Amino acid sequence: WARGDSSNRVMYGRYTQDLGVYAKEEAARLREGSQRRSVSERSRTLDLLEYDKGRCAKCRICTVRCQKFLISRVGEDWIFLILLGLLMALVSWVVDFCIAICLQAQKWMYGGLDSNVFLQYLAWVTYPVVLITFSAGFTQILAPQAVGSGIPEMKTILRGVVLKEYLTFKTFVAKVIGLTCALGSGMPLGKEGPFVHIASLCAALLSKFMSLFGGIYENESRNIEMLAAACAVGVGCCFAAPIGGVLFSIEVTSTFFAVRNYWRGFFAATFSAFIFRVLAVWNRDEETITALFKTRFRLDFPFDLQELPAFAVIGIASGFGGALFVYLNRLIVQFIRKQKAINKFLMKKRLLYPALVTLLVSTLTFPPGFGQFMAGRLTQKESLVTLLDNRTWAKQGIAEEFDYISHSQAWKHPQVNVFVTLVLFIVMKFWMSALATTIPVPCGAFMPVFVIGAAFGRLVGESMAAWFPDGIHTDGTIYPIVPGGYAVVGAAALSGAVTHTVSTAVIVFELTGQISHILPVMIAVILANAVAQSLQPSLYDSIIRIKKLPYLPELGWGHHEKYNIRVEDIMVRDVRYITLNCCYRDLHDVLLTGHLKTLALVESAESMILLGSIERAQLQSLLSQQLGRPRRLEYIRERAAAEKKRLSVVSNPGSEDGSQRANHEVRFQISTEESSFSPTRPVPQKPLKPALKRPVICPLQSSPSSSLLLFYFLQIAEWEEQQLDEQVNFNNCKIDPAPFQLVERTSLHKTHTIFSLLGLDHAYVTSIGRLIGVVSLKELRKAIEGSVTVKGVKVRPPLASFRDSGTSSSENEATELHKLWDRHKSMSLPREHGKVEEEEEEEEEQVEGEEEEEANLLFFNPAKPQTCKNPQGLDRYLILERVLFYYYYSSLLVTPLPPHSSTPFPLSFHHPCPRFMNYPVFSPGALH
């Protein structure tokens, strides 16, 4: 026995080794065959082009050969990334050029009317109002998906959620034109977030419309990789900061990042930033390729050790300021949404809100008015350039190596010192930026926050310069304070606190072209993130919550009590399911009472063994096959043929005996006696009512054969009831035999990690194979946001969030499940659970739907699916459909269809009841 066992093991080892070698050889053979076929197809295409005698034949041949050479030598990814970087650099340069022209036009109009202050005010206010109104109207008409930043939507898309119309050409046009007009108005808005969306749009359009990269677009994983690289390109070409752009895009769009996409992002972002700066040199905006906001800080001794506490104070204060900015932005949106009257009024007048906000901001920044105390005549770029300079405004000194800049005069007022000007600038720009970012136009918030942070850092730097006018003494050497360095630290800290990123430090280094303040910047950014993350979510996560996008938030650090929460504490226990031996009536009830996109398939209601999951479309297909139009027409034809045969037998007395004739006579006699038809009584005419408010049964007294037709109608209804009572056959149904499952003791932290890594929408909770619950994104969000304690969950019981989830079914049929189905035909049907809870859930869903259907003026949310929430209305349609079948059947008794007729309704068909003449005939089975 031992010898036999060892020999069997040797044979098994040889068998597995031979099988592995065979598999490798077979895979290599298939790979070589596909390569040969592709080469032969390309050569055949080239040969066919050579026989073409058209004018463009030689050009097409050259194009095909160049394409073949580039793909074989360079690769698809490199070509795609080069084209993406080139296209985004051109778009960024054109947008900046148009913005500069718009801002110059505003200044030209304002300066040309210096003789009249009122005309100056009209020109200063009317110009941005017109541009913002045009941007809002154009975006709303062409593509409402272009409103806002775009980074929250890209976070959701990169997670695997498909948002409708977010990556289309219309959205690209609306985003570019709307962003140009919005930034050209001079409002405190940014362009970094919109450029992330624009770069993703360019990547999607390149993948979709170019046949060379068709494979990238068709493959979902490759598509996600290219979109991740496009996000890095958007930041890189916006600020000419490729390294910071890659890191920033990873931080704001990804929870877990694949390292294999790293080089794609760096390559595309570097190429895009290079082309962007080359275009600036070509347009003679710059002498050479330099940083966008070049500074001249002291390199030998940029700061002293005694200044580090001041930098730390900037970081902590920026953390509180960033959290306050996010809270204020969300508070404005929620306030407008909660005011029903204001909301409805602004919903009717969609362009009124952006016009009013622009009018308010422009009035407060009018230079001869209040704007003279806050440098109102400077643009964002001019303000940032002056805030980063080396001069100490407090003592009106100019560094020796720095040239005089005329824009700095805007910060100096004869009646107010520079500290008051900076404080007013920070306070006014803070709430103005929070308000302006709620306008329904393509805009971002990074640049306004960046400028506010620079102003706050400049305020601290000027204060330090005032406290230490002679500088800080170190070893007998005097080093004066550099306020521009404090401005750099403040800009990085506040922007990092608002976005919850550390890469803003790298962006600042690339923007200024110096890393002399790397240590203060990193200290301030880390402290700002620590404070802000403990108080508020990031700006992008806040917008995700406002728009209710299906994205899973991050677990807050330091909240150790959340690690004690298990899946059993947050799961939905009342799961809607179907059994393997259910009938069609159960499917019909489940489809009417719920809106789930997938349903769990269990062995039986007693065992609850999870066998798989079935999509809603598959169940609708099964029900349609059972009660659809072909089955109904077949039954109607059979009944019509049987009735015709019976009538022919009755009309021929010699063909049957007397008893059969007597039965027919009695039947017709009883039908006539029971009928209440009176030919002399007029039918009362009533005004027409809507179809759903009319009585379902039409007056049948208008025909002598009304009782007979009613009898046939009842037979059709009885046939439907019989079909619904039949057991479901799952042989032709696609079943996912391995839906994702969790055990009830899985921790919240592990569940969050699994959902984030795999991009899940839901997961079933099982115990020893038995289905006991389901967990989805909404339950996880509520648990993370603090609605869950260890004792239990505060969510609605019956599958509160599983309505919008979906899963992909397996293409192969589950043969094992089909075999199991044959062995369980006699099991009992499942019983309905929780009628009262389901009614409460429907009421809550209706209330939430009314809230979300209110005026969403500030943020557009296309991710919310439109679902039917009126099963009673659907039942009315089904009853109406049966009534129409009844009339159709009555017409078949007069003019029956041929056996193989392709016409669903006879041409001579007319409704016996005139009440239905003005309403379209419903397609049989379409409502299922």
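Yeah, the Cβs are placed from backbone N, Cα and C, and that goes for glycine too.
Curation plays no part in TrEMBL annotations; they are all automatic predictions.
Summarising the annotation, TrEMBL assigns domain '4Fe-4S ferredoxin-type' to 47-76. Within the model, the domain '4Fe-4S ferredoxin-type' (47-76) carries an average pLDDT of 60.
Annotated transmembrane segment per TrEMBL: 78-103 (among others), in sequence order.
According to TrEMBL, the transmembrane segment annotation covers 124-146 (among others).
Annotation source TrEMBL lists transmembrane segment at 195-214 (among others).
The transmembrane segment annotation in TrEMBL covers 226-250 (among others).
Among the features that TrEMBL reports, transmembrane segment is placed at 262-282 (among others). With a threshold of 8 Å between CB atoms, the same-chain residues lying at least 6 positions outside the transmembrane segment (262-282) that come near it are 77-78, 81-82, 84-86, 88-90, 92-93, 225-226, 228-233, 235-237, 240-243, 245-246, 249-250, 288-290.
What TrEMBL lists as transmembrane segment is 308-330 (among others).
Feature annotation from TrEMBL assigns transmembrane segment to 351-370 (among others). Sequence-distant contacts of the transmembrane segment (351-370), counting only residues of its own chain at least 6 positions beyond either end whose CB sits under 8 Å from a CB of the stretch, comprise 110, 117, 120-121, 124-125, 128-129, 132-133, 135-137, 185-188, 336, 345, 376-377, 428, 432, 435-436, 438-441, 857.
Within its own chain, the transmembrane segment (418-439) has Cβ neighbours under 8 Å at 132, 136, 182, 187-189, 321, 325, 328-329, 332-333, 336, 353-354, 357-358, 360-361, 364, 373-375, 393-394, 411-412, 445, 448-449, 451-452, 455-456, 458-459, 462-463, 858, counting only residues six or more beyond its boundaries. Taken from TrEMBL, the feature transmembrane segment applies to 418-439 (among others).
Long-range Cβ contacts of the transmembrane segment (446-468) within its own chain (Cβ-Cβ under 8 Å, at least 6 residues beyond either end) map to 188-193, 307, 310, 313-314, 317-318, 321-322, 325, 380, 383-384, 387-388, 392-395, 418-419, 422-423, 425-426, 429-430, 433, 436-437, 480-495, 498-499. The annotation transmembrane segment is assigned in TrEMBL to 446-468 (among others).
Sequence annotations record features per position, and here TrEMBL assigns region 'Disordered' to 828-852.
Taken from TrEMBL, the feature compositional bias 'Acidic residues' applies to 837-852.
Listed stretches 78-103, 124-146, 308-330 were compared with the transmembrane segment (226-250); the greatest number of C-beta pairs under 8 angstroms is found for 78-103.
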